[in-house]
Amino acid sequence: MPDATLPACFLGLLALTSACYFQNCPKGGKRAMSDLELRQCLPCGPGGKGRCFGPSICCGDELGCFVGTAEALRCQEENYLPSPCQSGQKPCGSGGRCAAAGICCNDESCVTEPECREGASFLRRARASDRSNATLLDGPSGALLLRLVQLAGAPEPAEPAQPGVY
């Protein structure tokens, strides 16, 4: 009888603990993730004007990207939320999304990406919901200003982003 108690206890313990081992498992298990709709990632950065792209990456059109800084600390909260999220306008690079003008980020790093530098249409789409900004330029004057800013910009390095503000 005592010889059967140990295996029975082991099987009982195994049955109780064979659930999902990840900290933020969705309801219904890991395979139910594909059924969930993606939500927008948490706001971050100064004034909440950015969006989280990873546990230590916060990017916004007006801000650029913060990688591994205090502005990106809020992004660690995404690890504890049960549903997946997605930030950025369009896909770029290898599994990344356009985070700011000319910057492509995935959940681990950011790189400069020419395909994320669409010009005025990118900025206008990203800010279309921001009606509180009375200085938003549209039309020919906005296009001219954007072109001047692009011409004044220095060539960007093709190396991966290092921790800091970009």
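Glycine is treated like the rest: Cβ placed from N, Cα and C.
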Which cysteine out of C52, C104, C105 is the one Swiss-Prot pairs with C75 in a disulfide?
C52
Recorded disulfide counterpart of C110 (Swiss-Prot; options C105, C116):
C105
Between C85, C104, work out which one Swiss-Prot annotates as bonded to C92 by a disulfide.
C104
Just choose from C25, C41, C44 the cysteine that Swiss-Prot connects to C85 via a disulfide.
C41
Give me the count of other Cβ atoms within 10 A of the Cβ belonging to C105 (disulfide bond).
29
Between C44 (disulfide bond) and C52 (disulfide bond), what is the CA-CA distance rounded to a whole number of Å?
6
Going by DSSP, give the three-state secondary structure for C116 (disulfide bond).
helix
Given a 10 Å Cβ-Cβ cut-off, pick out the one of the disulfide-bonded residues C59, C75, C110, C116 that has the most other Cβ atoms nearby.
C59
Neighbour count first, Cβ atoms within 10 Å, every protein chain included; then name which of C65, C85 tops the list of disulfide-bonded residues.
C65
